[in-house]
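Asks: Summarising the annotation, Swiss-Prot assigns region 'Disordered' to 1-21. Positions annotated as [3Fe-4S] cluster binding site by Swiss-Prot: 35, 38, 42. Positions annotated as site 'Involved in charge transfer' by Swiss-Prot: 113.
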């Protein structure tokens with residue numbers, strides 16, 4: 001146990017607070033940026049000035065133009081967590097990273113979360129734990145990473161890559177990478193992987209395949225990020241499925257949703273802070289649902305609405321496709337693409353006449369049956385239906401908006417998201433102010449694909465031999481990957497059956513007898529050649545910190561990446577708002593941005609012979625990438641065109657927009673750039689689009705051939721779900737409970753930054769496990785105890801099953817045909833016993849490196865989407881000792897989170 005504490009950076013300690021912060025002088029440089037963490041991306045200003053110089057206490061002597069001390073709590077002010085000392089042009093400089101009090105969007109007045117309030121602490125400073133940053137390219141020699149030059153590192157990668165591509169083909173060369181860390185980087189990464197190499201073995205950080213998250217929304221014709229912040233302010237009821245925006249999108253909640261008198265319906269097994277606040281004000285309802293059963297709740301709500309005639313019939317008549325419109329635009333070709341065959345398959349395809357009759361026949365939609373399946377009270381389900389759909393006394397309709405996030409679609413991927421879309425549509429939501437259907441968002445929207453890609457080369461097929469995305473986890477587990485480049489992601493901890501994936505990765509890399517023993521380039525190649533020819537794998541890992549375990553244990557080549565603040569980058573937030581994230585300090589050591597690393601490798605591969613990969617700076621990548629986004633909702637191409645007209649760089653034109661930025665897709669009107677507040681809104685049916693852009697139907701209608709939304713049926717007894725769900729249920733005879741996972745407000749993702757920030761690492765030095773007293777007391781567990789979560793039957797889908805018949809990818813058939821194997825998994829966390837969790841469900845930290853909760857989750861994807869059910873773990877809880885936090889008050893509070 002002590003070793004686990006050591007690895008987690010844990011222990012009881014008291015952070016000695018810094019008692020003063022220097023004021024910026026009048027001539028301090030000021031730059032704009034946005035928060036690096038959640039999808040809201042609050043706007044920030046960076047003040048930079050040389051060490052040895054400070055501003056004065058009088059307004060005339062500091063850059064804040066404010067007298068100090070002052071009593072204005074929301075006035076000019078900086079905390080110790082917002083200050084750091086960095087290098088700029090080789091000299092030490094003070095920096096203050098402060099929320100922009102002058103911005104008019106996203107976070108007006110300088111609102112921000114605790115995550116953004118500690119941004120300055122993520123900047124490299126050799127005097128604190130950011131000194132753990134990767135500083136130099138390294139190659140593992142006899143198990144130890146040794147610093148080398150960029151040339152040698154990329155030459156070694158190119159040597160073995162060329163050999164693998166020639167002998168084993170592009171399928172054997174894989175990329176596992178983030179999808180969000182700035183347009184400049186994701187464009188370069190996809191250009192290399194999808195175009196130059198053309199590998200189908202490509203997957204994003206959060207999925208085993210290059211798939212979409214909320215496929216049910218896509219099929220309905222609803223873009224996952226159609227809404228704006230203003231829509232969440234303007235709605236009268238917010239139906240929040242699998243999400244508490246306060247915990248994960250804090251400023252969206254506090255700035256845009258809390259003001260006024262709107263009502264909140266939270267569908268989540270965890271009574272989080274946002275839930276507690278809404279209930280305490282009389283404006284909220286908590287539906288503590290059993291994980292995975294959201295579809296049944298949606299069916300029950302829809303049935304109540306239809307039975308009472310509360311549907312928005314005028315909206316349905318105008319905006320929901322009839323059966324002929326669903327099929328329109330397909331021609332005579334095969335229904336090979338996922339959304340084509342799903343929306344035209346009778347099991348799901350519907351229109352209002354069919355759906356309204358179907359919903360009344362669903363046994364699971366009957367109120368008492370639904371209450372039993374979901375674990376909710378029947379009266380609460382009825383009350384929720386009234387809130388979202390019952391007309392007001394004067395006959396006007398409630399303005400309801402529907403938000404979903406991972407608690408929804410990562411338990412029952414297709415059916416939960418599709419059924420929510422149908423529920424929202426019959427309530428008249430989806431394309432008008434205050435009445436939207438949208439994801440809340442996790443990370444920011446920084447993906448810009450270079451096109452190409454060979455995902456259709458996947459050896460797997462959906463039933464009917466239809467195209468299916470490539471599952472990289474399964475490809476690795478089957479031993480088919482000879483080279484993998486892992487970029488900015490905790491691959492194993494983020495995926496299902498984490499420990500089984502770790503074991504396999506170890507056996508293919510460090511467990512292989514062929515290990516590098518010197519830094520001679522030819523000798524390295526011969527060694528790695530012998531490894532791949534013996535069935536082993538070579539791994540390169542690009543990251544900002546040593547990544548456990550891929551970078552620290554398995555990777556042969558480790559590359560140091562530059563990140564936020566260390567180069568000029570761009571991306572959008574959840575309302576598609578594009579901003580420049582300004583460079584304001586030097587990257588440490590020899591760390592380079594990922595676009596630069598990609599270009600360096602591509603040149604070693606010879607992919608630059610046609611003039612490609614010759615970028616001199618990040619702006620070059622930004623401008624090249626612009627034309628590849630013209631068909632999408634993140635289109636910023638008009639901005640680049642406008643910049644060229646003005647004779648300035650695209651980055652520099654965007655810089656003039658400051659923290660307000662501009663919402664994509666961008667268009668031209670009267671020669672000026674204009675943003676798009678929301679998608680699908682008929683008010684967007686502008687006149688002829690100026691310049692080089694083409695009017696896209698999804699701007700002013702839904703994203704279907706007809707422009708009308710598709711109403712989808714979601715039968716609870718669909719075998720592709722019901723067979724798996726039956727197998728995944730906690731087994732009472734073993735004393736198992738549901739094991740889900742989630743985020744808490746204070747930390748972000750895997751804690752890559754937060755574990756190195758003094759205050760936050762004191763607050764969360766070790767992963768927690770929140771459980772109800774009903775689970776804790778019989779097991780002798782108290783808050784502060786170390787608890788092991790163990791699942792002795794974790795299912796893993798193996799092989800590349802071919803879908804010919806309809807049931808070929810159903811769980812029972814996969815099991816019968818030998819495509820399901822079982823393993824076990826466990827992790828240890830610190831118990832927090834609280835009634836904030838519903839009985840029968842425990843919640844662990846999302847993606848904590850030393851305690852991968854996904855180890856107890858099944859690696860069997862949804863047969864409709866090829867996505868995992870990330871939050872449907874199960875396990876036995878066992879007390880294994882007391883943590884040092886149980887009797888200490890210096891770190892890791894064990895108090896409930898639902899205190900208001």
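Using N, Cα and C of the backbone, Cβ positions are placed for all residues, glycine too.
What's the neighbourhood like for these features in this structure?
Replies: For residue 35 ([3Fe-4S] cluster binding site), other Cβ atoms within 10 Å of its Cβ number 27.
The Cβ of residue 113 (site 'Involved in charge transfer') lies under 8 Å from the Cβ of 35, 37, 38, 40, 42, 250, 251, 745, each of which sits 6+ residues away along the same chain.
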Asks: Mind giving me a neighbour count for residue 42 ([3Fe-4S] cluster binding site)? Other Cβ atoms within 10 Å of its Cβ, every protein chain shown.
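Replies: Looking across every protein chain shown, the total is 30.
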Asks: Quick check: with 35, 38, 42 left out, which same-chain residues have Cβ atoms within 8 Å of the centroid of the [3Fe-4S] cluster site Cβ atoms?
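Replies: What remains near the Cβ centre is 34, 36, 37, 39, 40, 41, 107, 112, 113, 115, 116, 250, 251, 573.
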Asks: Let me check the 10 A CB neighbour count of residue 38 ([3Fe-4S] cluster binding site). How many other CB atoms are there?
Replies: 28
